[in-house]
Amino acid sequence: MDSAAETIFALSSGQPPAAIGIIRISGDRAFDGLARLIGSLPEPRKPSLRRLTDPVTDEPLDQALVIAFPGPNSASGEDLAEIHCHGGRAVVRAIESALDDMDGLRRAEPGEFTRRAFTNGRMDLAEAEGLSDLLFAETEMQRRAAVKMAGGALSRQIEGWQSEVLRLSAMVEAELDFSDEDDVTEGHSDTIQLGAANVAAELATLLCRPRAEKLREGVRIVLGGPPNSGKSTLLNALVEREAAIVSEIAGTTRDVIEVPIAIGGIPFLFIDTAGVRDQGVEEIERIGINRARQQFDLADIILWLGPEGDGPAHRNVIEIGARSDHPDYQPKSDSIISVSPVTGEGMTTLVDMLVREAKDILPAGDEVSVNNRQAGHLMGAQSYLENIADHSDFLIIAEQLRLVRSALDAITGRASTEDMLDALFGKFCIGK
Ligand SMILES: Nc1nc2c(ncn2[C@@H]2O[C@H](COP(=O)(O)OP(=O)(O)OP(=O)(O)O)[C@@H](O)[C@H]2O)c(=O)[nH]1
Ligand SMILES: [K+]
Ligand SMILES: [Mg+2]
């Protein structure tokens, strides 16, 4: 049997025990399965309170709210039944096993409900990616961006470009049809070139923005400086727990310590590193220092605790005067803030500064951003559009426009490979 033809079921709510459990059944036999538990089917889309009975043993299972959503206007695009039962482990297990015993019903794979929604045209790929992000969102900023994606903001933009490119294609086709006649108008060629350039410019605007992945990974802030400059102490203060070992021994930190934390709804990844020095270094510390240097390369921001102007070459270094309360403290220039986790001096100013900087590094909440996969296809589309500027041959232009359309289709999944779909939907949990 074709797997899409099978009827699937799963617990779609969180792990039991919980106050309620929601079991969803999707497919041709969903209503049949529901009817066998409750007797007769309720009216479509109307929640109704029913007694569930095991069809084999006749044993009462639970009292539950049941809803039947006929396809294709359901979340999955198929007949979909929901059973809102009590969320105890035994109740959920008993209902699931009664369903499992029915012919043609089986437990769903992770993400299978959403995959069916996609297959049945209830959701495009960009929206499904947004939904995936939404399920994994941990900070307020991630949630807002994901809601936008799942709501189809990017899909609508892509649709707009698709229809403009189609319009240009139609003009090119018309030119090709009449090309054996002599009155080919110069003007049309200009209109097509201009139209292609406009779409390319809009793609460029979107491509300039930070990638969506950055929201999931967090802004990478690497603490750097010589041994004993107070990096680990500052890390612990920023993340409000003893994540790194602190001691007066120079060379305490060797491994890279990464701590993800949200501040003001913004995701950060704070990274503590080994103190960088050249003299008196043994083998393990040297490895740690190499790791620190690798982290400097990957950083969005380096927080430099060392001597003024001595930080690694990087586009975004924030210098601070660390351990400002310490008797050995040498004040730096006026523009450099003094910070001490011990007295709290400068801590609020520093955090505010990091939050401000982070906003330029992360996608903005009110703008559409694209992930790396989507950006790859947009860059493809952009280069085909740019090729058009170099050509006056309508055959070549027609081909480039066709390539643009298929690159844009790949973003919404109208041209997607099985591998990519497996990778995306496999990340979802069972029951989603
Ligand atoms: N007075 C004072 N002492 C501090 C401050 N920050 C750190 N220290 C002390 O300085 C010493 C080194 O602190 P660490 O946080 O381990 O320094 P580090 O840069 O991580 O050192 P390595 O991991 O060895 O490179 C410890 O004894 C801390 O207690 C500060 O703000 N004020
Ligand atoms: K130390
Ligand atoms: Mg340290």
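Please read every residue number as a count from 1 along the shown chain.
Cβ atoms are placed via backbone N, Cα and C, with glycine included.
TrEMBL entries are annotated by machine, without manual review.
Quantities reported herein were computed from a predicted structural model and do not represent experimental measurements.
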Looking at TrEMBL, Arg24, Arg122, Lys432 are annotated for (6S)-5-formyl-5,6,7,8-tetrahydrofolate. Which of Glu78, Glu82, Glu164 sits in that same site?
Glu82
Candidate sharing the K(+) site with Ser247, Ile249, Thr252 (per TrEMBL), from Asn228, Asn236:
Asn228
List, in sequence order, those binding-site residues among Arg24, Glu82, Ser232, Ala274 whose Cα sits within 10 Å of the Cα of Thr252 (K(+) binding site).
Ser232, Ala274
Find the longest CA to CA distance in the recorded (6S)-5-formyl-5,6,7,8-tetrahydrofolate-binding set Arg24, Glu82, Arg122, Lys432; express it in Å as a whole number.
18
Taking the Cβ of Lys231 (GTP binding site) as the reference point, list residues of the same chain whose Cβ is under 8 angstroms away and which are at least six residues distant in sequence.
Leu223, Gly224, Gly225, Ala244, Thr253, Asp272, Thr273, Gly275, Leu305, Ala322
Going by DSSP, is Arg24 ((6S)-5-formyl-5,6,7,8-tetrahydrofolate binding site) part of a helix, a strand, or coil?
strand
